[in-house]
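Have a look at the structure below before the remarks.
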């Protein structure tokens, strides 16, 4: 059985994983103030160029989801490439309509399509995608894969935790007032967030990167004891030094058996701003 795994561009999937695990990415869109729209393609040079452009932009662009037709074209393309099944893992349905577009399109094609609402975002999404691919390569059926992913998501084995370091984008996006943004930047305030039951939840404000990193690991510690085995995707929006420091600190408390760094794409960066640092976590084994 030949299965194509498809994620949306908010997954921030590591570039090397796309070929290694046969994971494809369908873009969301960035819409600039003058009406120009551009796809959130998973291309290294495009992403680096976007970081520069959004820093220089006078306003924060808006974003939009893939259309039903976008998904339909992808499904039909995979059928032409002789895939038997398509497995789609999307950004949380509580954060975007992408899941709904994927489901509606699946009803209009004659290739089996299974759509999973991961209730996750960013670097957490490629982790269940990799689990699915490894299970399929070991002979699992698509039904067994879906059951395992459901079990592990309910067990909170996949997590997305990060911090926002620049209030300018929260101000430009209308999320905080100019005064709050001024004070936040002046005091080097970092806003720590995580995905909980599919929703983006701010849980702490701290001063400086070091305290923000400590707050991220403290959030992980709530249900994952120190010494547990982890697979980690470190993500960042034009702040690789920050994510390296985060991973170095994480390794002091956890057994990180696999790690990779992946830049955040255009759409995620639009919402959180350059400078953001975080990680997608897969708990492989919780220490008793």
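Positions of Cβ are set from backbone N, Cα and C atoms, glycine also.
Because the structure is a prediction, the values reported are computed rather than measured.
What Swiss-Prot lists as domain 'DegV' is 3-283, and the listing cites sequence analysis.
In the three-state DSSP scheme, residue 96 (hexadecanoate binding site) falls into the coil class. Within the same chain, residues at least 6 positions away in sequence whose Cβ sits under 8 Å from that of residue 96 (hexadecanoate binding site) are 8, 10, 28, 65, 90. Per Swiss-Prot, hexadecanoate binding site is recorded for 63, 96.
Its Cβ placed at the centre, residue 63 (hexadecanoate binding site) has 18 other Cβ atoms within 10 Å.
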